[in-house]
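Q: Take this structure, written in structure tokens, and hold onto it; I'll ask about it next.
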Ligand SMILES: C[S@@+](CC[C@H](N)C(=O)[O-])C[C@H]1O[C@@H](n2cnc3c(N)ncnc32)[C@H](O)[C@@H]1O
């Protein structure tokens, strides 16, 4: 589909880029670059049905290629579709296993799920999204990828300031922007673009950056990224932050083939801005992006957790242990948390979260029903086959039937325990409730196809 670039857009970029602007306009009319990531949180994670022949040089889990949202690799969280430029944002954030990380604009979750996959289920990741519908999508993507160290919140960045103060080691602001770098991926988005819209976005981004500064511990890193070319939303906002907060400074990030320096001449001429990174689709094999990493001066403060009560009732452990004894090969010691009738393996028991709108705190293990415990899909997506007493491997017709919402009859009438893991192509994707030679369908209605 042709992208209809407005005269204002063309004039603006002819002024900034000179003759090169024509190459950029031409690149915007080409197909966008498809890519995907593997998920190292899964066992045997390279076992996917997609070709791994075209690796992305700066990511050890990223590959060029397209994936199918109905494939088992996708449904079981072994792959995540993400275009190549966006992958580099997580690389420059450089998540480490015991970090406390805040992603302030996280939905639908491409960067956050990459961050979590680098933290190996350790530390704490808070994935926040201000828009409630988008926050739900974020939460389901986190569930699909089997992530357990993440609290998903649905708040404005400002809501965190009083509660958390300078709590976080690393913060990602992947800001809502005018989206110029995504025009060819989403040609409809060009309709919203105007010179005024760029200004509005830049203004909103400053508010988010201001919160991010306040939430960052001394010595911590802030990564700012947009998928737009406009200097107002990029270099100008970084200059604004550096002027307002002199204890912040830009640091160099490695630039691979086709990645370019930031443009000081599009702003106040400060040569530091060259440390930022730009990707233009006429030079780089990906969509348009801007990103940079800033560090806050000083020695990190020690942050102590202020633990809340886990909310478990007396009989909860009894019901849960009964379930575990019958269906699992053991149980590791985790932070339990009961919220209404649901049991979580909490990512955090810190009372700083009190009053925030939390969609998910860690891993939802299941629900207490009358005198019993029933496991949740989120849990199976985070378990390994070796942790379950019984895993039943479906063939293709059985898999399709189950995915469609039907039960599956086992002619050989095996003698299984009640809750079994279901796998297809060696990937766990659902619980099954076994009774009387049948695997009863418990695949969530919203996921059926
Ligand atoms: C570029 S998208 C984030 C994409 C996401 N990081 C990913 O990789 O999948 C920006 C997000 O910021 C959210 N947003 C919009 N206004 C906001 C505001 N004032 N503060 C924080 N986030 C906002 C949008 O709803 C949107 O989900």
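The backbone N, Cα and C atoms fix where each Cβ goes, glycine too.
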Q: Which one of 66, 169, 174 goes with 105, 106, 107, 108, 109, 110, 111, 129 at the S-adenosyl-L-methionine site, as TrEMBL has it?
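A: S-adenosyl-L-methionine site check in TrEMBL: besides 105, 106, 107, 108, 109, 110, 111, 129, the record includes 174 out of 66, 169, 174.
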Q: Quick one: largest C-alpha distance among 105, 106, 107, 108, 109, 110, 111, 129, 174, binding S-adenosyl-L-methionine per the record, in angstrom?
A: 13
Q: Mean pLDDT for the domain 'SAM-dependent MTase RsmB/NOP-type' (1-297), rounded to an integer?
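A: That stretch averages a pLDDT of 97.
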Q: Which residues does residue 174 (S-adenosyl-L-methionine binding site) neighbour through Cβ under 8 Å, counting only same-chain ones at least six apart?
A: 89, 103, 105, 106, 111, 225, 226
Q: When you measure from the Cβ of residue 111 (S-adenosyl-L-methionine binding site), how many other Cβ atoms are you left with inside 10 Å?
A: 22
